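Everything below concerns the one structure shown next.
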């Protein structure tokens, strides 16, 4: 029996590459297997031997994906043909070399600590650059939605359409922006994140060029708005994944908050830009989006590295590479096989459904969707009322959205601060130092009251043609209250379903945008038939009854629902089901770095 053996330098002893990686840098030098009858295998796919400290001793298990990643640095790995004595020889060799990690050191006895490998090997400057680029990219989708709103009266005249017909172009954008990420997420592990950024932004730029150049045709406007939303929908969901690629769990929340500033500033800055550009020519709105989108696309093409850990691991292959990629490539080279992490999970409709039918998630998701629909009903009506009743110019209408923008920021910051402050006080008073997740739901009532009060005030000030300052103050109250509820809802979800919080957030986005799309279509008809006063009073009362009663129900029933869910999860683990020890759904944890 011929024994084949080669050495892999990984973990702490892995040397820095002396030159830029090539597309074949993930290949291990081939070993001559001509003396064997079976077909030659790619050595990069050969299974590594099990860790000597493994509980299972499965000779086919891969230590790089074992649940205990700290014990997986081997300086010597044997791929000998299996023989009754080979397992013992492998173990003896490992012990002789100091156990896992090699170097002749003492085996791990729980006292000596090995330095952990860095989560990412991108330099701090490069991480800041990547975060800046994806934050800007996340800004463009909401920007395209917000920049359009002040121009609704202008577009109504240019396309010779009714306000309801023009609002359809808003509706299709919001609906596509909601469901588009479901399509892009199916390619989550296809050659990395970089190709999806480039492809989606290319579609976005082309749609804006056509919107700026083609003759004024209503059918073309609606179709191209769908394409525009589809191209920009991928960026927000991929950006959150990129943050997780380059930021360890300890600092991920702060990095995520920076990234979210992009999508949050889009609805604030968009109307201001839209009002100024539409004052000159409505086509310049789309021209601006096309030019700025192309500049971002070029920056990604020439400067943004791949970050998907299933493809480049911790990013070590970029250590010696230039910051400028020439010639540019759509996809990146692969890291060595032992450095790569597992592919990201693909969201499925079944996953979203299972989250939605868990009562706390389903209820708060419907609550936020209802409040966002009310806020959007004000946003699409505000340009019409300011233009027709107060004769405001387009640039003034764009400035009028500044009150809502400030309200959204303040509602988020103050709502989060107050909720955290109250929870910290409750933790100090609790005998065991624990506070139930639904404690945060009580804080929602203040946001609901603010949103309801602002909505009623907006309707009746518009009905009686009050001073425009009162209209802007009403929009401020509505936006402030809505975001106050959103931030407390988010905090509740992170504690209620901590392991699936990202899916819960995506589900909320999935329902909020269709709700806003429906509101945009219905509000002109409702205002015409009911008047502003009773229309918005009805929306406010609906919010008060539904959201207020939901808070009461959640406060009373959440403890029981949480216990039932925990019991089900324990039962699944006991039976060896998905997520249980040894169950078919159990997967070894990824190797860090």
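All positions are counted from 1 along the displayed chain.
Every residue gets a Cβ built from N, Cα and C, even glycine.
TrEMBL annotations:
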COMPBIAS  1-12  compositional bias 'Basic and acidic residues'
REGION    1-121  region 'Disordered'
COMPBIAS  59-69  compositional bias 'Low complexity'
COMPBIAS  106-117  compositional bias 'Basic and acidic residues'
TRANSMEM  129-152  transmembrane segment
DOMAIN    130-558  domain 'Major facilitator superfamily (MFS) profile'
TRANSMEM  164-184  transmembrane segment
TRANSMEM  196-216  transmembrane segment
TRANSMEM  222-241  transmembrane segment
TRANSMEM  253-278  transmembrane segment
TRANSMEM  284-304  transmembrane segment
TRANSMEM  355-378  transmembrane segment
TRANSMEM  398-418  transmembrane segment
TRANSMEM  439-461  transmembrane segment
TRANSMEM  467-493  transmembrane segment
TRANSMEM  505-527  transmembrane segment
TRANSMEM  533-554  transmembrane segment
REGION    567-593  region 'Disordered'
COMPBIAS  576-586  compositional bias 'Gly residues'
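Panel annotation: around the transmembrane segment (355-378), residues 174, 438, 444, 448, 451, 455, 458, 475, 478-479, 481-482, 485-486, 489, 492-493, 496-497, 500, 503-504, 507-508, 511-512, 514-516, 518-520, 522-523, 536, 539-540, 542-543, 546-547, 550, 553-554, 557-558, 561-562, 565 of the same chain, lying at least six beyond its termini, place a Cβ under 8 Å from a Cβ of the stretch.
Here the transmembrane segment (439-461) lies next to the transmembrane segment (533-554) in space: the count of CB pairs under 8 Å, restricted to residues six or more apart, reaches at least 3.
Between the transmembrane segment (222-241) and the transmembrane segment (467-493) there are fewer than 3 Cβ pairs closer than 8 Å, counting only residues 6 or more apart in sequence, so the two stretches are not in contact.
Here the domain 'Major facilitator superfamily (MFS) profile' (130-558) has a mean pLDDT of 86 out of 100.
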